[in-house]
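Colleague: Below, the features straight out of TrEMBL:
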- 6-27: transmembrane segment (TRANSMEM)
- 78-102: transmembrane segment (TRANSMEM)
- 114-132: transmembrane segment (TRANSMEM)
- 151-276: domain 'Type II secretion system protein GspF' (DOMAIN)
- 262-283: transmembrane segment (TRANSMEM)
- 295-314: transmembrane segment (TRANSMEM)
Amino acid sequence: MIIVFSILIFLAVAAATIALVVHRGGAKGRMLEERLRSFGTSSPALPKLNVARDVRYSVIPWLDVALRRVNLGQRLELLLYQAGMTMRVGMLVLLMAGFAMAGYFGGLFAMHRVAPALLFMALATPLPYFFVRYKKYQRMKAFSEEFPDALDLLVSALRAGLSFSAAMQIVAEESPEPVRGEFAVTVEEQSLGLDFRETLVNLTRRVDSIDLRFFVTAVILQRETGGNLAEILENTSKLIRDRFRILGDIQTFTAQGRLTGLILVCLPLGISVFTVVITPEYFKPMMESESGRAALWFAGFMQVMGMLIIRKIVNIKV
């Protein structure tokens, strides 16, 4: 058992070392790529773009091949881009593997049983993924908050007599991030000769925002049917602002339900921890008997189900 435990510890340390080397090597490579592209940049006002980028999922050959054989690598790459993170997909996978081993060994050391260790491993494995999802949520939220102002700037440029491409470039130069970077990529794609409709569709693929889809749909329909584009975009901006106002009202009305759900989730856990710390002998039969452990598993399952149900109730789409 000691030999197996030592081998697993060695594998965990090796995976963490490989992840660190891969991250540092990938960061140096991306810095070199950015410096080389800076010599060919024609417009200093636009941010450095990643048009001709390295599409490898990992600098480790076998991991790159494995990620290409499944569709997971492409989805994770898009998720990392939407989160505004520069790490490769392989780095994220190695981090998840490292967290899995750390959770397993931590649970095994604390509980001295395989089943709780596997539970800790299952809880720890998706933590890096959830962190990336949280970063994506923050970035997409920032985009949605800045997007109405970008539309107002676009409308002003169109009414000043500029073409749509020139107005897009003004937005790419004057708007804050992340609106600036995404519009700059679209302007660069148009300057490279991509079809106008394709560049807008690519924009909706890169940015997970329903407000942006409103904008792209309005622009494409105006191109096909005609009309006053400035007026259409102005109405779109008003629609987006009204949507934000309604979302704020919904957050206010559902605040009590969300707080109730948080209390109902945290209260049993808090009471359990308090009981274990104050009177460990009182809670000991729950951990040692088969029926007690089964009751704890069932209670945990019902807690998760209740949390998901409450979240579903208060999560109203607009």
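Glycine residues also receive a Cβ, built from the backbone N, Cα and C atoms like all the rest.
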Colleague: Going along the chain, which residues at least six beyond the ends of the transmembrane segment (114-132) come within the CB cut-off of under 8 Å?
Modeller: 79-80, 83, 85, 92, 95-97, 99-108
Colleague: Averaged over the domain 'Type II secretion system protein GspF' (151-276), what pLDDT does the predicted model reach?
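Modeller: Average per-residue pLDDT within the domain 'Type II secretion system protein GspF' (151-276): 88.
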